[in-house]
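Record features (TrEMBL):
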- D:6-135: domain 'tRNAHis guanylyltransferase catalytic' (DOMAIN)
- D:Asp29, D:Gly30, D:His31, D:Ser32, D:Phe33, D:His34, D:Ser75, D:Asp76: GTP binding site (BINDING)
- D:Asp29, D:Asp76: Mg(2+) 2 binding site (BINDING)
- D:Asp29, D:Gly30, D:Asp76: Mg(2+) 1 binding site (BINDING)
- D:138-294: domain 'Thg1 C-terminal' (DOMAIN)
Protein chains: 4
Amino acid sequence: MANSKYAYVREFELPDPLLPGTFMLFRLDGHSFHRFSDKHGFTKPNDVRALQLMDHAAKDVMTEYPDIVLAFGESDEFSFLLRKSTTLYNRRESKIVSTLTSLFTSCYVFHWAKYFPDLPLQYPPSFDGRIVLYPSDKHIRDYFAWRQADTHINNLYNTTFWALVQQGGQTTTEAHATLRGTYSKEKHEILFSRFGINYNQLDARFRKGSVLFREEITPDLEKPSPPGFTETQTSDDAKESLSTTAEKGLESEEPINEVSQKLEAEEAKIAKKAKKKGKLPQTKIELVHCDIIKDEFWNARPAILGE
Amino acid sequence: MANSKYAYVREFELPDPLLPGTFMLFRLDGHSFHRFSDKHGFTKPNDVRALQLMDHAAKDVMTEYPDIVLAFGESDEFSFLLRKSTTLYNRRESKIVSTLTSLFTSCYVFHWAKYFPDLPLQYPPSFDGRIVLYPSDKHIRDYFAWRQADTHINNLYNTTFWALVQQGGQTTTEAHATLRGTYSKEKHEILFSRFGINYNQLDARFRKGSVLFREEITPDLEKPSPPGFTETQTSDDAKESLSTTAEKGLESEEPINEVSQKLEAEEAKIAKKAKKKGKLPQTKIELVHCDIIKDEFWNARPAILGE
Amino acid sequence: MANSKYAYVREFELPDPLLPGTFMLFRLDGHSFHRFSDKHGFTKPNDVRALQLMDHAAKDVMTEYPDIVLAFGESDEFSFLLRKSTTLYNRRESKIVSTLTSLFTSCYVFHWAKYFPDLPLQYPPSFDGRIVLYPSDKHIRDYFAWRQADTHINNLYNTTFWALVQQGGQTTTEAHATLRGTYSKEKHEILFSRFGINYNQLDARFRKGSVLFREEITPDLEKPSPPGFTETQTSDDAKESLSTTAEKGLESEEPINEVSQKLEAEEAKIAKKAKKKGKLPQTKIELVHCDIIKDEFWNARPAILGE
Amino acid sequence: MANSKYAYVREFELPDPLLPGTFMLFRLDGHSFHRFSDKHGFTKPNDVRALQLMDHAAKDVMTEYPDIVLAFGESDEFSFLLRKSTTLYNRRESKIVSTLTSLFTSCYVFHWAKYFPDLPLQYPPSFDGRIVLYPSDKHIRDYFAWRQADTHINNLYNTTFWALVQQGGQTTTEAHATLRGTYSKEKHEILFSRFGINYNQLDARFRKGSVLFREEITPDLEKPSPPGFTETQTSDDAKESLSTTAEKGLESEEPINEVSQKLEAEEAKIAKKAKKKGKLPQTKIELVHCDIIKDEFWNARPAILGE
């Protein structure tokens, strides 16, 4: 039963390297998430737990893959930017697309119970992913602008739509009819005049989406344990930190805030350990909900697009 | 904040259709599963729970995607054959690769607790996937022969290796040295003479791997609820059945055998419902551990390679 | 001025191998040949010299590339079938597409004066080419049926159209109007009743296109020098024969028929030389204008699709 | 004999668009030109007629395709740069590669007799072509530096080698042995001390290769008919000018210099005509043999890399 006579079938495996010197933009989307959110009773128009779970999975992916320098999430999709010079998996397309989609999915299911402690996952959700190559900085800026503008447009529509339904008593058909052809300004007006909602004061997470990026840790900044949803690591520690975090996470049944504190303590320990080694620049992954269309964000972080 | 000025970035999304009229062979592999199995204390040389979990995930994927007509699994890898004429996702490579890898991963994590009720998952595992195209029946036969021959070679080696270590008291270095350059026959001999193990009587699952295929249900065969790890469905019911199964699965904390019985009952119900509709030929997914190198398996199931 | 610091640019050259085990169908088309035929006053609806020149160029390409087993030409296009198992240029797409297109073009310009002795080429014509992969015999049969059916449809239309214009005195606009919506049968009727033309008795070259294939030479058949447009060679001699033929051709200013005789004599010599070596089966390239839609042609030549 | 039942074979034609926003570098090479130059007795180490013929073919290709902004040739190869924003043939790879290779080949054969009036072409030569994508200006600069450094290295070697053989009476084996392991400086020394050749005073065409680019024509510069190998056109006139030039060329049997003068007169007429239309900026294609590794060439022509 020698294997060698069949091994020729490997010759059908064709190479699929992605063009060097270009940014890889990896985007994933939930598969049939309309149904998934219905089955799990997600809050309309935004379910903060579901969004936090997405962010958590995205952060785990970034932690595992240091060549991801930026990520942006909204609803059931997340975009990841890999640096132009990355040689991850020799830039093999299927390998990268499948591995990143798989890890994100795994983290999503793995962390589910932390964000929905009372609601068991009803069935295994899935995502699809793809890589798009962009040659220049401008394309990357425009890509993320495209996604964040999309976030705004969708969220303004959905917020107004569900206000009309949930507070205004309209049917969904009526609400769609009310909004047909309206401009942004008119939706703001409906929200404010009918429901007393100042759109611009809603949670920035809903209006701006989630932005994850790496920040170098300078010794001074490090002493006070970093606030919020951040993680400190060197790339050497990436693998370790992911699994350690995971272990801790699994054992706990605490509410989300306490989980967060525990994660932070964990991260501080990792940061400390990494610092001792002192080899690589220490970075932490920051989660913010800010504008990434204008120049400010990018000018303050030249490392994202630079080499 | 009009979206339209940025939408040009979509033009960088290039088409990636796979050649029509060819079989798609989708294979996925565990990412760093050496470490994963160490961390979770998998039994050497084979952990039956881990293999059953792989089979379960593979079966869920087949259930969801009726165009998958055959699957073969060993260790931490699984191969799926899609029929030549499939138009799944318009044969877009990234879409198919990422979605199938994602769903398998999701099922693996989702069902973990059923197979490892006492061992929480330590961190989120991931898989990578790829599609290889094969033009002819012969290539497909040789592909699966290649994988099953590989199963045999690896399992014979590993079985002998771990016998030398676990029962023979050798270190792993010594065991490798003992086996260096040995032929198949000599490994059989070591197993039998030193450890009283008749290799050919070991669990076929370990020696042959797992073979999943669809079998049409004829009315007569259907009455006695189908035994073992099978599922009856029409393609219309694919989606429904997956999530229903999943829901049931989650609630239960029973040992594996009872879970299996419950699954069967579930499947019988689905089969019944499908039969009432009576439109599509009803199929169930069978799990066996038989030879797929010789002609017998294929001759008995012409539908696998046929259109 | 060391070269090495720039050599990294080679890393951007990505591999482009074509799937093994599939037929390659290489098709080329004249670029702007409407204008080209106008500028050179090609006879309407068919210019036999231009078609013979196409055939000659195609035959030269087949002579140079023994893995081409069949070619079909009509108007300003030619299709070439490469055997499934070909490893020509390691199946690199750009290499094959560009080289075959280039050689065909070169032969077309090179042989121009033989077919248009009184009409100098007005400007350099060009062709574009592409490769399409087909997995099975049936696809290849259907591909050639598609092209030959196209030949028939176009030629029947054009023959009727130009009869209306040239013999019937219609303007081109009127002739298009006359033919709008007519079926095949009606065109036959117009040709016959108005112009006394029995379509089925027109030159088969126009109605069926040009079919080029290799035929093995058996010793008995070889003695009487092969009639018509054929060439005998072994693949070893391919390169030699092309250039020798070319040299002879260039020197001559004889009318086409004498050129043909000279070519045959040349070929007979090559065949003889090849026979002495006696290694490879000797083949000659035959040009016919027969049906390739029905089974007969293919059944008589199993080697075309076989390995 | 309906065509429609076979037309499904078109579904096997897969799209092959090249990534937008990247420079296309199209390079072609002579196929078996060692043999070709032997058969045609090309002068060693450089045959000026053969190089001029290459330049002529390259210029014709640039004339026909206004999106080619720069070309560089040496020996039997030529590289063409297409602007980043080109949408030529919707950026379809096979279409572009095959068409450009075809046109170049066609021009090479077509113009052969002008450069080799006494030496008939012995057989049809061919070229192969490929496209490489480069994302940034720097890659393009380095690509052309790579080719020109290659020109220098090869020409210095070949010049010294053939001096040793032709003037020094060495066999080719001896000459290779003499040069083995020598540095650039030593080759210069051999040329100067043994053969009285100052390498740097040799024809720049041999040392630097051929550089073709477009230059805008300002009205003032235009009056005195442009000297040398240049052509003035607007893109509208591209097609016309190519064929007109070709017609003239064919008719003439004059020596090369007179052909050049005639071409210039032709071009001046075209320029005048184009000027009258006055729509597009008028450009002429310049041929120079200058350094393109340093910044000077590029700084003086920002349009080459700019949009």
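Yeah, the Cβs are placed from backbone N, Cα and C, and that goes for glycine too.
Caution: TrEMBL annotation is automatic and unverified by curators.
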Self-check item: Structural state of D:His34 (GTP binding site), classified by DSSP into three states
Solution: helix
Quiz prompt | Filtered D:Asp29, D:Gly30, D:His31, D:Phe33, D:Ser75 - binding-site residues with C-beta under 8 A from chain C | solution = D:His31
Practice problem: Using all protein chains shown, find which of the binding-site residues D:His31, D:His34 scores highest when you count other CB atoms within 10 A of its CB. | Solution: D:His31
Self-check item: Long-range Cβ environment of D:Ser32 (GTP binding site), under 8 Å and at least 6 residues apart
Solution: none
Quiz item: If you take the centroid of the Cβ atoms of D:Asp29, D:Gly30, D:Asp76, the listed Mg(2+) 1 site, which other residues of that chain have their Cβ within 8 Å of it?
Solution: D:Leu28, D:His31, D:Phe33, D:Ser75, D:Glu77, D:Phe127
Quiz prompt | Among D:Asp29, D:Asp76, the most crowded of the binding-site residues [Cβ within 10 Å] | solution = D:Asp76
Quiz item: Does DSSP put D:Asp29 (GTP binding site) in a helix, in a strand, or in coil?
Solution: strand
Quiz prompt | Secondary structure content of the domain 'tRNAHis guanylyltransferase catalytic' (D:6-135), with strand meaning DSSP E or B | solution = 57 helix, 31 strand, 42 coil
Quiz item: What average pLDDT is reported by the model for the domain 'Thg1 C-terminal' (D:138-294)?
Solution: 76
Quiz item: Among all the protein chains here, how many other CB atoms are within 10 A of the CB of D:Phe33 (GTP binding site)?
Solution: 18
Practice problem: State the count of C-beta atoms found within 10 angstroms of the C-beta of D:Gly30 (GTP binding site), not counting that atom itself. | Solution: 22
Exercise. Output, ordered by sequence, the same-chain residues six or more apart from D:Ser75 (GTP binding site) with a CB under 8 Å from its CB, or 'none'.
Key: D:Gly30, D:Phe33, D:Leu51, D:Thr151, D:Asn154
